[in-house]
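Down below is the structure, laid out as structure tokens.
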Amino acid sequence: MPAVACYVDTSAAVYGGAGALSLPASEINFSGVPPTTTSTTVNQPPPPQQWSPSLSAELYRIDRWGPPYFAVNSSGNVTVKPFGDATLPHQEIDLLKVVKKVSDSKSSSGLGLHLPVIIRFPDVLKHRLESLQSAFDFAVRTHGYGSHYQGVYPVKCNQDRYIVEDIVEFGSGFRFGLEAGSKPELLMAMSSLCKGSPDSLLVCNGFKDAEYISLAIIGRKLGLNTVIVIEQEEEVDMAIELSRKMGIRPVVGVRAKLRTKHSGHFGSTSGEKGKFGLTTTQILRVVRKLENFGMLDCLQLLHFHIGSQIPTTTLLSDGVAEASQVYCELTRLGAHMRVIDIGGGLGIDYDGSKSGDSDLSVGYTLEEYASAVVGTVMSVCDRKGVKSPVICSESVRAIVSHHSILVFEAVSSSSSASPPMPGSTLALDYLVDGLTDEVKGEYRSLTAAAMRGEYESCLMYSGMLKQRCVELFKDGCLGMEQLAAVDGLCELVSKALGVADGVCTYNVNLSVFTSIPDFWGIGQLFPIMPIHRLDQQPKARGILSDLTCDSDGKIDKFIGDESSLPLHELSGGEGYYLGMFLGGAYEEALGGVHNLFGGPSVVRVQQSDGPQSYAVTRAVPGPSSSDVLRVMHHEPELMFQTLKHRAEECDNDYTAGPLADMLAQSFNSTPYLVPGHATGSCGFSNGSGLVNGCREYFYGVDDGCNAAAVDAAAGEEEQWSYVCA
């Protein structure tokens, strides 16, 4: 069933003489308030408070989940603070201005990209990385810890080239590394770290075959600090055999299955029955095998993972303490242990509740997390007389979630409480004339109850009237116009009595399955809110329905335990833009092509000293219809030629040329809806009517912004622009 809801809007047309279905206000009181019989003084409610951006910030909770990167400015727009609390007022970036720059046509000095769009802020990414490092550095100094922190970024959460390259560049000063979980990810990480610090860790996780392990060993030959983490016992046999054949001594680690278990959704793979890692018995067998081959000195790292979004430092400390005991025991057994990798788990506050009782939040700060880890490892190792290890973490959500914003447009809305059609008693006469005597009785009972002010009876008779009329329609005894009229009357009753469902459906130019797959898959909630008009009070509540032909393609749960979202009424001719925040981890990597909706356009925005305070340093248009067809092994060129040939054969009012042009335009255009009349597309024409490779990069700069910022971001790459067909 299509997820884009279709409603019978009784205000849209007058049905064949049905006229209106509003009861005369002078005769029947549907106000929901019994008429007063005595003269009393009624206290008037206080005048409504004037709406302000600060009230919107409270309403959408951005003042809780947004700091230090997101806020609402005095213009009523969401603003981005690229440097967190250190951002100066003139450095803040107005998100609406960025969206306008990206989506406006090139003739209007825009980039001409279609929404939805992912806007990435590398300044925020850098600040997150530096904040994580600073938190651990502070904990190391405070506790007097005998080693240091050295993190890695698991590329599985977002393998985008520019995110990975940014992290390597931003983190090279403190030896920040990468983690891979497959052969393609390992190849990517090896290539990327050639530009990083030689001391950066390259942690090789996941299930492995001989080729995977060989690649990791080759990495050490190339001067990369690769560590093969043994997750299955047979992997150590391959590592021993291959390293001996290649004449290269590897560095290996073991992943331990801890007894400490995270009870939330994200801890489902933790504990003794977890998907990954080795039991205590298996770890001992790995140690013996390495010892038998004189390679126990190669065992240098212990890895574990309690689960993502660890809710409290109490649970964190329990897991780290258990793992630290394992680390100390491995040292006692003769391994040359050097690194303890605590995995992921550093959570973020999706709903602003700062609660340790929810999968959507955590009950600690970044500094408290780092202090708990460092203090616990130090306590166990000092007690056992073991040298403090390098502490590594794979804190992916905390690194990348904030730097990426998905912006999409609400293209229409459908209210379940439509206004009545104009008219009066003629419509009622038309309706009554078409009813059976039994149903006329229900109608008379309804009007009588309304006259007496018996409002519960009104609802009962209204429901009975509607049910009887539906039965008549199914039997072919009632016309569609009359059925619509009955719906309008019953809707009017519900609205007048204040019991009508006031939740609207806002149809959005988006695919939930492509852009927010975690919502569909596991019910993960992200902050969603309008990015503008926040100086105006939202008068509606709505759910969001996407473009896909799937009933699951909707967003009907929101942070704050809400089943609808406060929204503004749509204004004709003006776009209404919504943003999904804190979705920089996993969503792009997990998204599919359901209904052949491809990924959004992507732009990279950096802070600039120009008057607009930002510069668009990279833009990638979203895939065209041809692009997503190729993903499913179709050949758009052959499809186009087939349809073009059919057009030439058909005898119709159109010539073959215009038909072919229209077909080519459809292949080249975005799979998403295009506002207005423009259906242009991005790419380079090959002369056959189709566009090849709509994936080139655009380096642009806002009017008045510092062009040097763009040149620096472009580096040594050739600068491209794209054309719109």
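Each residue, glycine too, has its Cβ placed from N, Cα and C.
Annotation comment: Swiss-Prot describes Lys156 as N6-(pyridoxal phosphate)lysine, evidence class similarity to another entry. The substrate binding site annotation in Swiss-Prot covers Ile340, Asp341, Ile342, Gly343, Gly344, Gly345, Leu346, Gly347, Ile348, Asp349, Tyr350.
Structure coloured by features recorded in Swiss-Prot.
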residue : record                         : contacts (Cβ under 8 Å, 6+ apart)
Lys156  : N6-(pyridoxal phosphate)lysine : Glu179, Ala180, Gly181, Ser182, Glu185, Ala589
Ile340  : substrate binding site         : Leu301, Leu302, Ala323, Ser324, Tyr327, Val377, Pro389, Val390, Ile391, Cys392
Ile342  : substrate binding site         : Phe304, His305, Gly319, Val320, Ala323, Val373, Ile391, Cys392, Ser393, Glu394
Gly344  : substrate binding site         : Pro154, His305, Gly307, Ser308, Ser393, Glu394, Ser395, Val396, Arg397
Leu346  : substrate binding site         : Leu132, Ile310, Leu366, Tyr369, Ser393, Ser395, Arg397, Ala398
Ile348  : substrate binding site         : Gln309, Val362, Arg397, Ala398, Ser401, His402, Leu582
Tyr350  : substrate binding site         : Trp65, Leu360, Ser361, Leu525, Phe526, Pro527, Ile559, Leu582
Please report the DSSP secondary structure of Lys156 (N6-(pyridoxal phosphate)lysine), reduced to three states. helix
